[in-house]
Amino acid sequence: MKKAYPVINRVECKACERCIIACPRKVLYMSNKINERGYHYVEYRGEGCNGCGNCYYTCPEINAIEVHIERCEDGDTDG
């Protein structure tokens, strides 16, 4: 089984919440913390991401979120 997870750039995130709404697994949430630009930012719950990329595709900020998918032992990304 592949392991996928979002990586959020806390400085670039502007708390628009589009990724939270787009996530079918509801693994993202708005942090109570504030970044250096004065915005709250999104955080990952730590498990449950299926690697669909909805968060990445709906984010209006370039480089604010990426989805990483780890390779399986055989080098493939399929589980």
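Cβ atoms here come from the backbone N, Cα and C positions, even for glycine.
Residue density at Cys19 ([4Fe-4S] cluster 1 binding site): 24 other Cβ atoms are found within 10 A of its Cβ, drawing on all protein chains shown. What Swiss-Prot records for Cys13, Cys16, Cys19, Cys59 is [4Fe-4S] cluster 1 binding site, and it gives sequence analysis as the kind of evidence.
Listed in sequence order, Pro24, Val67 are the same-chain residues six or more apart from Cys52 ([4Fe-4S] cluster 2 binding site) with CB atoms under 8 A from its CB. According to Swiss-Prot, the feature [4Fe-4S] cluster 2 binding site maps to Cys23, Cys49, Cys52, Cys55, an assignment based on sequence analysis.
Here the domain '4Fe-4S ferredoxin-type 1' (4-33) is broken down by DSSP into helix, strand and coil counts: 5 helix, 11 strand, 14 coil. Residues or ranges marked as domain '4Fe-4S ferredoxin-type 1' by Swiss-Prot: 4-33.
Residues or ranges marked as domain '4Fe-4S ferredoxin-type 2' in Swiss-Prot (evidence: sequence analysis): 40-70. Within the same chain, residues 2-10, 12-34, 77 sit at least 6 positions outside the domain '4Fe-4S ferredoxin-type 2' (40-70) and bring their C-beta atoms closer than 8 Å to a C-beta of that stretch.
For Cys16 ([4Fe-4S] cluster 1 binding site), the same-chain residues lying six or more positions away in sequence with a CB closer than 8 A to its CB are Cys59, Pro60, Glu61. Sitting within 8 Å of the Cβ centre of Cys23, Cys49, Cys52, Cys55, and not among those site residues for [4Fe-4S] cluster 2, are the Cβ atoms of Ala4, Pro6, Cys19, Ala22, Pro24, Arg25, Val27, Leu28, Asn50, Gly51, Gly53, Asn54, Tyr56, Val67.
Non-local neighbourhood of Cys55 ([4Fe-4S] cluster 2 binding site): Pro6, Cys19, Ala22, Cys23, Leu28, Ile65, Val67, each in the same chain, at least six residues away, with C-beta under 8 Å from its C-beta.
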